[in-house]
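Right, one structure below, let's go through it.
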Amino acid sequence: MSELDPVIHAPARLRIVSLLAAAEEAEFGFVRDQVGLSDSVLSKHAAALEAAGYVDIRKGYVGKRPRTWLRLSAPGRRAYRAHVSALQEIVASSGLTLAPE
Amino acid sequence: MSISPEDAARTLADVRTTQAQALRAEPWFPAWYPVGVALFATGVTFVSEPGTDPAVTAGGIVVLTIALVGLVLRLTFAARMRAHRSLLSAAALTGFVVWVLASMGVAFAVAFPLDAARVAYSGTYGCLVMTAFMAATGPLVGRWISSRLAAGVEQAEETR
């Protein structure tokens, strides 16, 4: 049975990780806008996820403007899948449906 | 750490919503990319037209190839978001391939009759029309594919 992962359990952090799970790579500003966080809050979550080895952070430029991209690492993708599996098991064991509405 | 089944179901729905919104926010490919590739083809046909100085042909192809590599690098390393390859469905991929083939068909439909009429640079004209076709339809195709990917996430019984 899969276990919930405390590193990605917080709602904002799970939204960040789930967005990154759907992406090869996403730019910091894109993640910020989609998840609805401020720069500083996203920076803190990204740093925590990087420290856990779940997210790789790449810095670069578009023209002369500095940009940052986030990518889910292989361990991060495994952790995300295990977390989602744990959530699905909780739902399934209760008899609720996972099917979309 | 524990969570109620209702909260777990809500969390999974939130995950799906986040992914679908992110996928819909950006086209699967930027409009400039196929236009750039089509312009590359246009340039290649232009510099390789029979009768062109071989040095011009070789130099032109080198310059165009450098430009194409620049396009690919920009797409790979400077995109706001690139959808994960695991999300690409057979239907979306088929749609993309059909669109590329249709674009090439447009080029041939213009180039072959011109070539039969012995019009110089017939291939270049064909590729220019293909570029215009891709510029006009590319944004729609990119958005269609991203909406297919988002719908796939929303309709999946298991969250990805």
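Using N, Cα and C of the backbone, Cβ positions are placed for all residues, glycine too.
What TrEMBL says about a protein is an automatic prediction, not a curated fact.
For reference, TrEMBL has these:
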TRANSMEM  B:31-48  transmembrane segment
TRANSMEM  B:54-75  transmembrane segment
TRANSMEM  B:87-114  transmembrane segment
TRANSMEM  B:120-141  transmembrane segment
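The transmembrane segment (B:120-141) makes no contact with the transmembrane segment (B:54-75), as judged by fewer than three Cβ pairs under 8 Å among residues 6 or more apart in sequence.
The list of residues near the transmembrane segment (B:87-114) in space but at least 6 beyond its ends in sequence, with Cβ under 8 angstroms from a Cβ of it, reads 23, 28, 34, 38, 41, 122-123, 125-127, 129-130, 133-134, 137, 141, 144-145, 148-149, 152-153, 160.
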